[in-house]
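Visitor: Structure incoming, see below.
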Amino acid sequence: MNIIEQKFYDSKAFFNTQQTKDISFRKEQLKKLSKAIKSYESDILEALYTDLGKNKVEAYATEIGITLKSIKIARKELKNWTKTKNVDTPLYLFPTKSYIKKEPYGTVLIIAPFNYPFQLVFEPLIGAIAAGNTAIIKPSELTPNVARVIKRLINETFDANYIEVIEGGIEETQTLIHLPFDYVFFTGSENVGKIVYQAASENLVPVTLEMGGKSPVIVDETANIKVASERICFGKFTNAGQTCVAPDYILVHESVKDDLITALSKTLREFYGQNIQQSPDYGRIVNLKHYHRLTSLLNSAQMNIVFGGHSDEDERYIEPTLLDHVTSDSAIMQEEIFGPILPILTYQSLDEAIAFIHQRPKPLSLYLFSEDENATQRVINELSFGGGAINDTLMHLANPKLPFGGVGASGMGRYHGKYSFDTFTHEKSYIFKSTRLESGVHLPPYKGKFKYIKAFFKN
């Protein structure tokens, strides 16, 4: 038995002590986690800057603040979330009462990505703790400074058999995903998600897969172009485009395309200044592998660049870039970009835009900028996507009352707020039947009972 396997079985043993099923225990662990995050705030911010070049305002808002808010909500609502529910019982089961009990799955695995390497560890972990599970966390090896801070924070806060962090790369992940966890929560690419899903299926382990895809933005002829440009630039270029729900491409009505490009270019200068590379508010690509993947896409689209296009390998810097005259068969349209390059395509009618999106895998997010209520309702009703926004980008993630998750190739399962608790909770059903009464209608011998059985099922 290797070290990882031993940690897994130690975690299973801790769960079997029944400690985590105590509601007061769970609330106390969430309280400890909140306190630890606050005490590690400066270390977390420094690590996020070192690994991804994140400005501390952006880092706090998207990584720390949102996590602390989730903990606060979970602690406040946990008593209600965990209540056993008494549900209606049909007359033919009289005298019986029916219940749904919320119970933890057991020992869960959380695999996190590099783009929001702190928040995407702790958001699912909050749900796992609130639901009463033990957990093993695998942070991304591509953000090693954040991973080290997470490990220190967890080790100083929790019993290692309760919450454990496994650092490492592909080898460690392969070992973990083949173990018989009670639940696996994965955030990352579609290709790796398929590997995780296949491995989990060997042990019939339920999974949540939070992946990505090419999330479109539709800008119609009625849109407020200034507002659209600001909100699209925020959604696309936050974290240097390394956001799973970032706008991947724009579908703009041909009549307002030039105005939109002008507005986007102006907004980028307003956000980051004339020398964007020197801006303290603009991030960096996580590593050279992803940098070279993105510069390869840029090189294939040199004739399409209408803004940006510059890069610096030493800094892993890629300038925010706008591409015009892009077609569906362009290289940039064949994969999720996951970087600061924004292709702009045109359409003539909403039917054409909807058909274009229908022809592609279901996106994790979709955004529409429009003042036309009919167009808005058509997009909402006719297109399938994980989540999205009308006249904004990204911000649907900020509401903990909304479930977040993909559909089709962009993922399965959902979380955030109570949905995180539900994800890591098994709803166990049972009935309680009195021993004082028994109709006997359902028991052999059945002679003469047919009409009574039919009568029961009519009620």
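Heads up, the Cβ atoms here are built off N, Cα and C, so glycines get one too.
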Visitor: Just to be sure I read the record right: Phe114, Asn115, Gly188, Ser189, Met211 are listed as binding NAD(+) in Swiss-Prot. Which of Glu5, Glu315, Glu319, Glu336 is listed for the same site?
Guide: Glu336
Visitor: Report the residues of the chain - excluding Phe114, Asn115, Gly188, Ser189, Met211, Glu336 - with C-beta within 8 Å of the mean position of the site's C-beta atoms, for the recorded NAD(+) site, in sequence order.
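Guide: Checked against the 8 Å cutoff, the neighbours are Pro113, Thr187, Val192, Gly212, Cys244, Phe338.
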Visitor: Fewest neighbouring Cβ atoms within 10 Å: which of the binding-site residues Asn115, Ser189?
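Guide: Each of the binding-site residues Asn115, Ser189 was scored; lowest Cβ tally within 10 Å is Ser189.
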Visitor: Could you give the maximum C-alpha to C-alpha distance in Å for the residues Phe114, Asn115, Gly188, Ser189, Met211, Glu336 that bind NAD(+) per the record?
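Guide: Maximum Cα-Cα distance: 16 Å.
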Visitor: Tell me, how many other CB atoms lie within 10 A of the CB of Phe114 (NAD(+) binding site), whichever protein chain they belong to?
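Guide: Around Phe114 (NAD(+) binding site), other Cβ atoms within 10 Å: 21.
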Visitor: Out of Glu210, Glu336, which has the highest number of nearby Cβ atoms, where nearby means within 10 Å of its Cβ, if these are the recorded positions?
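Guide: That would be Glu210, with the most Cβ atoms nearby.
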Visitor: Determine, to the nearest whole angstrom, how far the Cα atom of Asn115 (NAD(+) binding site) is from the Cα atom of Glu210 (active site, proton acceptor).
Guide: 13
